[in-house]
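Chemist: Dumping what Swiss-Prot says about this protein:
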DOMAIN    14-69  domain 'Rubredoxin-like'
BINDING   CYS19, CYS22, CYS52, CYS55  Fe cation binding site
Amino acid sequence: MNVKESEPAQADLQASWMCAECGYIYDPAEGNLETNIRPGMPFDKLPDDWSCPVCNHPKNQFTKFISQL
């Protein structure tokens with residue numbers, strides 16, 4: 001039997017964005033209903049004046065990371 005190692009399924013990988021100031025995580029799949037950001041909104045499509053809903057740090061202070069579910 002020949003078993004090939006496979007990379008994690010794309011559905012298992014998710015790009016999220018973390019605030020450098022407070023650690024808040026913006027998950028595009030969840031959006032942020034408190035700030036009227038609908039689920040499915042990619043980070044790069046957020047308004048330029050969007051800021052962290054926890055500490056008000058600007059959007060350009062978020063860093064991208066990929067987590068494996």
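Placed from the backbone N, Cα and C atoms, the Cβ positions cover glycine too.
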Chemist: By a simple count, how many Cβ atoms lie within 10 Å of the Cβ of CYS55 (Fe cation binding site), its own Cβ left out?
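Modeler: A count of 13.
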Chemist: Are there any residues in the same chain, six or more apart in sequence, whose C-beta is under 8 angstroms from the C-beta of CYS52 (Fe cation binding site), and if so which?
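Modeler: Listed in sequence order, they are CYS19, GLU21, CYS22, TYR24, PRO58, GLN61, PHE62.
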Chemist: Please determine which of the binding-site residues listed here (CYS19, CYS22) has the lowest count of neighbouring CB atoms within 10 Å.
Modeler: CYS22
Chemist: Could you tell me which three-state DSSP class CYS19 (Fe cation binding site) falls into?
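Modeler: Its secondary structure by DSSP: strand.
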Chemist: Near the Fe cation site, what residues other than CYS19, CYS22, CYS52, CYS55 in the same chain have a C-beta no further than 8 Å from the centroid of the listed C-beta atoms?
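Modeler: Here the nearby residues are ALA20, GLU21, GLY23, TYR24, PRO53, VAL54, ASN56, HIS57, GLN61.
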Chemist: In the domain 'Rubredoxin-like' (14-69), how many residues does DSSP assign to helix, to strand and to coil?
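Modeler: Breakdown, helix to coil: 9 helix, 19 strand, 28 coil.
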